[in-house]
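Peer 1: Got these off TrEMBL a minute ago, pasting:
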DOMAIN    25-468  domain 'Major facilitator superfamily (MFS) profile'
TRANSMEM  21-38  transmembrane segment
TRANSMEM  73-94  transmembrane segment
TRANSMEM  106-125  transmembrane segment
TRANSMEM  131-153  transmembrane segment
TRANSMEM  165-184  transmembrane segment
TRANSMEM  196-217  transmembrane segment
TRANSMEM  282-303  transmembrane segment
TRANSMEM  318-340  transmembrane segment
TRANSMEM  347-369  transmembrane segment
TRANSMEM  375-402  transmembrane segment
TRANSMEM  414-437  transmembrane segment
TRANSMEM  443-464  transmembrane segment
Amino acid sequence: MAEEVLILSPGKITSHLTSSLLAVAFLTSFGSSMLYGYNLAVVNSPAGYIKDFYNRTVVSRNGTGLNEEALTLMYSLTVSVFAIGGLIGSLMVGTLVTKFGRKGTVVNSSVLVFLAGSLMGFSRICASPEMLIIGRFITGIHSGISLSVVPMYLGEIAPKNLRGFLGLMPSIFICAGVFLAQILGLHELLGMEEHWPLFLSLVVVPTFIQLMLLPWFPESPRYLLIEKHNVHATITALKWYRAKCNIQAEIEEMQEEQRSLSSVETVSVWQLILDHTVRWQVLSVVVINIGMQLSGIDAIWFYTNDIFENAGIPAPEIQYTTVGTGAIEIVAGLIGCFTIERLGRRPLIIGGFGVMGMCCAGITLSLILQTHVPFMKYVSVGCVVGIIAGFCIGPAGVPFLITAELFKQSHRPAAYTVGGSLNWMSNFTIGFIFPFLQMSAGSYCYLVFCAICVSVAIYVYFVIPETKNKTFVEISQMFATKEAVEESQALTHPDQLKLKKMNGYGSLEFDSSSSCP
């Protein structure tokens, strides 16, 4: 039966969205990526209750309570330890995906969620702040792993014409996780003192659903063929994920990529950095992942309540207004997801960073003038919404997708390790330095984020090519040499690309035997 699939007539490597592809994208995003967004926002609502819990526990142990500075330090540790765990998780990605595979890593790492959920859920009963802090640390490790592995897995199982659509689904679920935490954190739901341990431990529910269903789906076909050399398993996996398409053409494209590699062994991070053939790809991953966090989005999320309060929104209604921004995030993410295959990667990421840069400048202007011009406080609210929408429509998800597309199989795990670790380090850095930046620069601090956003947009415009509807081999060739780029642009038909093995990434040559229709 497997062999029958291989005798289809030659054609383009394209496919329709199948139920299997959609199910895997939903399960991995729902059970892994969404938890990242949820854990980012889940500690905001019960902050006061958690501090009271810490203080009561210390009183019961020592007889005296904590002062305000010590309480703030303990709560800050509870929040920031998530990013430290995320950094450690991102550094483990390369080893895990090579040993367990893409799907295997997603499934095996779910044990971390159950462990963390148990620690956080029983922390109050056990009167142990340490359990809560350790639980947050473990959830960070899981998020650091899933933030890289899920886009890698979806990017490898998707046909090239659907890679952008499926690659942005995790970012939509990240926004959905933030929105869910905002909704459940309302006082009418779980935003009450007796419910905060349950609120924090609910992460186990989506992961349990994922664990029950995801193991029934196959591993990444590219991983099975290029790294495991299992042609039969590759064909079986492609039959799961494809409807009416030329499986033989897709397998030949994978084998072509395998032949073009100097070694099918997964390279280390150090080898990746020293490999001059991928230096522009590595630099691009560094720029877009650092820019993603240093764009100021975390600072905006942190100070949203203050900006809304300055705009005259009554304090009891601010929590509902914040929930409204969460809804805007989801809408913007959906717009990006459903337009990326039509518009391409470059317009979304350039446009997203461009909008964020303009809105950061707008916030600076509005904060300076709002004492003299009353309507400027509403401009600041509009700029907050613009920054959030601009981020979610492109910079929130496209960097992870591009990281998968810019590298071949042997280099991809190390690239995700580099991108993920830089992402988490930048996240921690901006959270640490922003209060000092605001104290020293005041309203002008947002101009720093404006400059970063504009710089990243300019870099993407001049350096990173459009990767829409291109194979991994073709994308690698676009970076190989200047001559290769000129040759690929000179061709009028994409099917005329022919790989010739010359070095680690090959070169492009024109197939004179082909003729355009």
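Quick reminder: no glycine exception, Cβ is built from N, Cα and C everywhere.
A quick note: this is a predicted structure, and the numbers were derived from the prediction, not measured.
Tell me what's around each of these sites.
Peer 2: For the domain 'Major facilitator superfamily (MFS) profile' (25-468), the model's average pLDDT works out to 85.
With a cut-off of 8 Å between Cβ atoms, the residues of this chain six or more beyond the transmembrane segment (21-38) that come close are 106, 109-110, 113, 139, 142-143, 146-147, 149-150, 153-154, 157-158, 162, 166, 169-181, 202-203, 206-207, 209-211, 213-214, 217, 241.
Sequence-remote contacts of a segment are chain residues at least 6 beyond its ends whose Cβ falls under 8 Å from one of its Cβ atoms, and for the transmembrane segment (73-94) they are 39-40, 43, 47, 50-51, 54, 66, 105, 129, 132-133, 136-145, 147-149, 266, 268-269, 413-414, 416-417, 420-421, 423-425, 427-428, 431-432.
For the transmembrane segment (131-153), same-chain residues at least 6 beyond its ends with a Cβ under 8 Å from one of its own Cβ atoms are 24, 28-29, 32-33, 35-36, 39, 43, 50, 77-79, 81-93, 96-97, 102-103, 105-106, 109-110, 112-113, 115-120, 122-123, 167, 170, 200, 203, 220, 397, 400-401, 403-404, 412-413, 416-417, 419-420, 423-424.
Counting only same-chain residues 6+ beyond the ends of the transmembrane segment (165-184), those with a CB under 8 A from a CB of the stretch are 17, 21, 25-26, 28-30, 32-42, 44-45, 147, 150-151, 154-155, 157-158, 190-191, 199, 202, 319, 322-323, 326-327, 329-330, 332-334, 336-338, 340-341, 392, 396-398, 400-401, 404.
Remote same-chain residues near the transmembrane segment (196-217) are listed as 20, 23-24, 27-28, 30-32, 34-35, 38-39, 42-43, 45-46, 49-50, 53, 103, 106-107, 110, 113-114, 116-118, 120-125, 132, 135, 139, 184-185, 190, 240 (criterion: CB distance under 8 Å, separation of at least six residues from the stretch ends).
Beyond its flanks by at least six residues, the transmembrane segment (282-303) meets 272-273, 275, 349, 353, 356, 360, 384, 387-388, 391, 395-396, 398-399, 402-403, 406, 415, 418-420, 422-423, 426-427, 429-431, 434, 438, 445-446, 448-449, 452-453, 455-456, 459-460, 463-464 of its own chain at Cβ-Cβ distances under 8 Å.
Beyond its flanks by at least six residues, the transmembrane segment (375-402) meets 147-148, 151, 155, 163-164, 167-168, 170-172, 174-175, 284-285, 288-289, 291-292, 295-297, 300-301, 304, 307-308, 310-312, 325, 328-333, 335-337, 340, 345, 348-356, 358-360, 362-363, 365-367, 369, 419, 423, 464, 467 of its own chain at Cβ-Cβ distances under 8 Å.
Under 8 Å from some Cβ of the transmembrane segment (414-437) lie the Cβ atoms of residues 80, 83-84, 86-87, 89-91, 93-94, 97, 144, 147-149, 151-152, 266-269, 271-273, 281-282, 285-286, 288-290, 292-294, 296, 298-299, 302, 399-400, 403-404, 406-407, 445, 448, all in the same chain and six or more residues away from its ends.
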Peer 1: So which residues does the transmembrane segment (347-369) touch in its own chain, when a touch means Cβ under 8 Å and the partner is 6 or more beyond its ends?
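Peer 2: Same-chain contacts beyond the ends: 288, 291, 295-297, 307, 336, 339-340, 376-377, 379-380, 382-384, 386-387, 389-391, 393-396, 398-399, 402, 443-444, 446-447, 449-451, 453-454, 456-457, 460-461.
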